[in-house]
Amino acid sequence: MDPKDRKKIQFSVPAPPSQLDPRQVEMIRRRRPTPAMLFRVSEHSSPEEEASPHQRTSGEGHHPKSKRPNPCAYTPPSLKAVQHLQTISNLSENQASEEEDELGELRELGYPQEDDEEDEDEEEDEEEDSQAEVLKGSRGTVGQKPTCGRGLEGPWERPPPLDEPQRDGNSEDQVEGRATLSEPGEEPQHPSPP
């Protein structure tokens, strides 16, 4: 038998009845990426990222997914930004060295060192100490009654509820309510109820 004489075997399989609507089949075909689309998508993405059909949603049709930059990802500064930072740092170094030169010249002429720098350091130390005291005061110590806050004059207590009548030290209700001593050594006398 010659190879030319061989017949091709063809299987005739009846096509299964399509359960999908022809419009749905067309939409699926449109969503399926073509090799050209895959090439276009991979051309724009970084080499590590592969374009996969899982990244697409059904509503996008045949357009490639628009990628948003990840806000958490590190993006290196541009060349212009680096050059700008270098010029700023060079300017600040030049200004600092000029100020040091001026101070050196003044000291050579006999001017004393400025006290402003020392005063600023002392003020910063005082601020840190006062902040530490405030923190210690807010924590309180064990067994101490907690206060609600610190006023300008010192700690203040929570005001009484509004439903109770306010009492100051001179009111008659408060004086009657307290036991009074008639003479030292005697027992307190309670006022008789009216």
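Backbone N, Cα and C atoms are what each Cβ position is placed from, and that goes for glycine too.
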- From the list Ser97, Ser171, Ser182, pick out the residue that Swiss-Prot labels phosphoserine. Ser97
- Considering the residues Ser45, Ser89, Ser138, which is the one that Swiss-Prot annotates as phosphoserine? Ser45
- Message: Please report the Cα separation of Ser97 (phosphoserine) and Thr75 (phosphothreonine) in Å, rounded to an integer.
- Response: 34
- Task: Looking only at C-alpha atoms, tell me how far Thr34 (phosphothreonine) is from Thr75 (phosphothreonine), rounded to the nearest Å.
- Result: 31
- Counting by DSSP, what is the helix, strand and coil composition of the compositional bias 'Polar residues' (84-95)? 12 helix, 0 strand, 0 coil
